[in-house]
Every structure is written in structure tokens, then in C-alpha cells.
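Novice: Please find one structure pasted underneath; my questions will follow.
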Amino acid sequence: MQEQRAERLRIALIAGGTSGEREVSLTGADGVERILDKEKYLVSRYDSATDLPRLAADAASIDFAFILLHGLHGEDGTIQGFLDLLGIPYQGSGVLGSALAMDKDLAKEFYYNAELPVADWHTIAAGDFFYSEELIEDLGLPLVVKPACAGSSIGISLAHTEEELLAGINHARDCSAGAIMVEQFIKGRELTCAVLGNDDLQALPVLEIVPGDKYAFFDYEAKYQPGASEEICPALIADALREQVQDHAIRAHQALRLRGYSRTDFIYGEDGKLYLLETNTIPGMTETSILPQEAAATGMDFPSLLDTLIELGLEKSKGKKG
């Protein structure tokens, strides 16, 4: 029995943190810790808000880190760089890809350069003045307002009037000290598609998110309030649209130099055009989260998905890419 335990991969499960998505992170980590195969893995928990010195001290005895941090210092390359310094491999993208995807403004520039369709937008740098009349003149109404570097729809709002635009910008600034994005609101169907792999990429089945009647879009409450939205996987869409979404998800993954896995969100507009919204490098990881649902639609259960992410992370560390 002792020999069997010695062969188990020693996993540092990193969660918590200090961002506004702390509780989401901890909930996901509870599920992952429960689901990880105890015959394969020996799991230790670390909260990045308090346990980084302990993680550094334990580095020599850790085989792999599973990151379940969201938002600031989790998805932006910070923890990835720390683990690189410690020589601990981890799942998902490295410093560069994580930082690019976390900065929604910069990511949209990369999408645009890769000829991927995006809604028009303006970015207001932290502390900069802006003219609401010019934003409305250039982009029209309604407008989506959100922090450029936050996740889980934190700080996001929909503005139908100039007054709502000003309130939305102030709200976003309350939620983030960084830049604010103002972009055209595209009314349509919300679709999302995950990608698995390092070099050989696989797009998973497309999932459609149908927010409840009280939600104009998939905001924080619609994401995490039970019953607030319906998720349909595989999405009931035409084959041509499904192929386009999967193609664009892979191209977004490549454009941002991502590794291991990602999930890209889209809107299929009422104008019949597909628009890319953003890419998430550490998607939610509860059993009912989108990525596990998409994996399940291919026949991959949650434990197998976790195994795959760990295997891809170990493969990435050997190749020293991303």
C-alpha cells in the first residue's frame, strides 16, 4: 500500500486568491479535489491569498499544480510565472497566453489581426477622460461596458442611454482599477466552445447559453444563480454555424498563443453574423460548468477530463512551449 501511494502524482491544488471570483474558485476546487482519482493523485490545497510561501517551501515535493484561480493574479499570468520560477508544471496556458487572454482589449486586437470577427469597441485607459457623446456617436446604443481585465462578467453592464453608459463606466471602475471597455451590444444567441490540446487541437461540441427572461445577457447572476439560465449541449444550430464556431475557437486559441485548453464565447447575431467575445484560459470547473458539459457530450466524464488536462500540462512542460 505504501508503494502504491509513493507512485501517486503529488498535486498542488491552487484556489481562492484575492479577486472578486474567490468564492467561485473555492467552489470549483472543492469539486475537483473530490473528483480527482485518489489512486492516481495525492492532493494538497493551497490558497494563493495566504499560502504562496508554503507552496514555495513545498516546491521540491510537488509534481504538478492544478490552478483553479480566476481573475486577477490567477488567469493573468501571475501565478503561472510564479510556478515557472519554482519549476512546477501546471495545466493550461503559460504567462504570455494567460496575460493576452486576460486583457480583453489586447485580445481583441489579436483576434482582429487574425481576421476573427469582433464587435466594434473603444477602450478607456485607467484614469483617462472620455466623452460619452463620442462613444455613442461612434458605437451606437445599446453598449456593453466592462472592465478590460476581469472575469465571470464582474463589473459588466448594458447601457441603453447616455445616463446608463456613465453609470456603467463608474460601476466598472468600482470593480477594477484598470482600463474599461465599451463595445457594441450584439443581440443574438450566446454560444461557447472549448478547445483541448497543445499542438493537436480538438474543438469540443458547441454549447448554447439561454439566459432567463430577466437577463439581457449572461451576467454574473445569470452564470451562478441556479436556474437563471439554460445550457444546451450540443447546441441546436446548423452544421455550418457549428463548424464556424469550432473553427473560430481553435483560431482564437492559436492567436492568443494558448496551451492545454481554453473556452471561447461568441454571439450569433440577429444579423446572421458570428461575433467572437472573449477567451477564458481557466474555465469554471464544477461538474455543471460549461467545459465539463462539453467534454461529457463527447463521452469524456469529469475524472477523465481532469486526467487529460494534467497530461496536457505535463506534456507542455516537457516541450517548454506557451
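Every residue, even glycine, has its Cβ placed from backbone N, Cα and C.
As listed in Swiss-Prot for this protein:
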- 136-192: ATP binding site (BINDING)
- D265, E278: Mg(2+) 1 binding site (BINDING)
- E278, N280: Mg(2+) 2 binding site (BINDING)
- 108-311: domain 'ATP-grasp' (DOMAIN)
Novice: CA-CA, which of the binding-site residues D265, E278, N280 lies nearest I136 (ATP binding site)?
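Specialist: Given the candidates D265, E278, N280, the nearest one is E278.
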Novice: How many whole Å apart are the CA atoms of V144 (ATP binding site) and D265 (Mg(2+) 1 binding site)?
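Specialist: Taking the Cα atoms only, V144 (ATP binding site) lies 15 Å from D265 (Mg(2+) 1 binding site).
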Novice: What is the nearest of the binding-site residues D265, E278, N280 to T192 (ATP binding site), using the Cα of each?
Specialist: D265
Novice: Starting from each candidate's C-beta and looking 10 angstroms out, tell me which of the binding-site residues I136, V144 has the most other C-beta atoms.
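Specialist: Output for this query is V144.
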Novice: I need the most crowded of these binding-site residues: Q184, T192. Count other C-beta atoms within 10 angstroms of each C-beta and give me the top one.
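Specialist: That would be T192, with the highest Cβ count within 10 Å.
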Novice: Tell me, if you would, which residue among H160, G168, D265 (binding-site residues) has the fewest other CB atoms within 10 Å in the structure shown?
Specialist: H160
